[in-house]
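If you check TrEMBL, you get these features:
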BINDING   B:ASP77, B:ASP79, B:ASP81  Mg(2+) binding site
BINDING   B:CYS78, B:CYS94, B:CYS101  Zn(2+) binding site
DOMAIN    B:30-103  domain 'Phosphoribosyl-AMP cyclohydrolase'
Number of protein chains: 2
Amino acid sequence: MTFDPAALRFGANGLLPAIAQDATTGEVLMLAWMNADAVARTLETGRVTYWSRSRQAFWVKGETSGNLQHLVEMRLDCDRDALLVLVRQDGPACHTGRRSCFYTAIRDAEEVEIMQPEA
Amino acid sequence: MTFDPAALRFGANGLLPAIAQDATTGEVLMLAWMNADAVARTLETGRVTYWSRSRQAFWVKGETSGNLQHLVEMRLDCDRDALLVLVRQDGPACHTGRRSCFYTAIRDAEEVEIMQPEA
């Protein structure tokens, strides 16, 4: 079946969540949002492109920082309302300089930082 | 810092996306939604509990099917608006019987099923 970005199930805001996962290590790097055009641009360009909810604009990940996400494979889930994007990540994925945005764990009811910014 | 579920940043619907990842293999199993109470219940019970948008009710994953998700660790992202839940998954995570809900890949503009239901 030919894939049509418009046939995904977007939320009321026209967006769905996209999980970026390191294609090699399996590490979950971040979660951001895509609309149908961002999905299409990601597939066309091979550069993972989100929709920035704060800026209300397309967001080519790493376009400013240089920390690009190169698309390896896009997958959709059974409900067609979430995406898993396997990537090759240049540099850190998180704007804090950490490899992943998920660097805070909850352990014994405390927030614990489990990852340092890369040098 | 003590963790307070209410200090997460929920969307307008009071929900945020939670990614379930196999704690051992790193496989991303599914994405579902939690409100503050679902986060608290997950941490208290050790059974991953979502908020079902279709049923508008708490959803203890696997309560009906037996395919429970046992909490290994919960992590939050830099924006505090997404969760990564490391789990030990009993049986398949997907209601279709597949290990993961992300069993459809987009390859050469076609949807390709890359995973079969478990026996």
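From the backbone N, Cα and C atoms, a Cβ is placed for every residue, glycine too.
Location within the structure of each feature annotated in TrEMBL.
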| residue | record | CB count, 10 Å |
| --- | --- | --- |
| B:ASP77 | Mg(2+) binding site | 25 |
| B:CYS78 | Zn(2+) binding site | 16 |
| B:ASP79 | Mg(2+) binding site | 16 |
| B:ASP81 | Mg(2+) binding site | 15 |
| B:CYS94 | Zn(2+) binding site | 21 |
| B:CYS101 | Zn(2+) binding site | 25 |
Candidates B:ASP77, B:ASP79, B:ASP81, namely the binding-site residues, that fall within 10 Å of B:CYS94 (Zn(2+) binding site) by Cα distance: none
Inter-residue C-alpha distance, B:ASP77 (Mg(2+) binding site) and B:CYS101 (Zn(2+) binding site) (nearest angstrom): 22
Three-state secondary structure, B:ASP79 (Mg(2+) binding site) (per DSSP): coil
Three-state secondary structure, B:CYS94 (Zn(2+) binding site) (per DSSP): coil
Number of helical, extended and coil residues in the domain 'Phosphoribosyl-AMP cyclohydrolase' (B:30-103), per DSSP: 10 helix, 29 strand, 35 coil
Euclidean distance between Cα atoms of B:ASP81 (Mg(2+) binding site) and B:CYS101 (Zn(2+) binding site), Å: 22
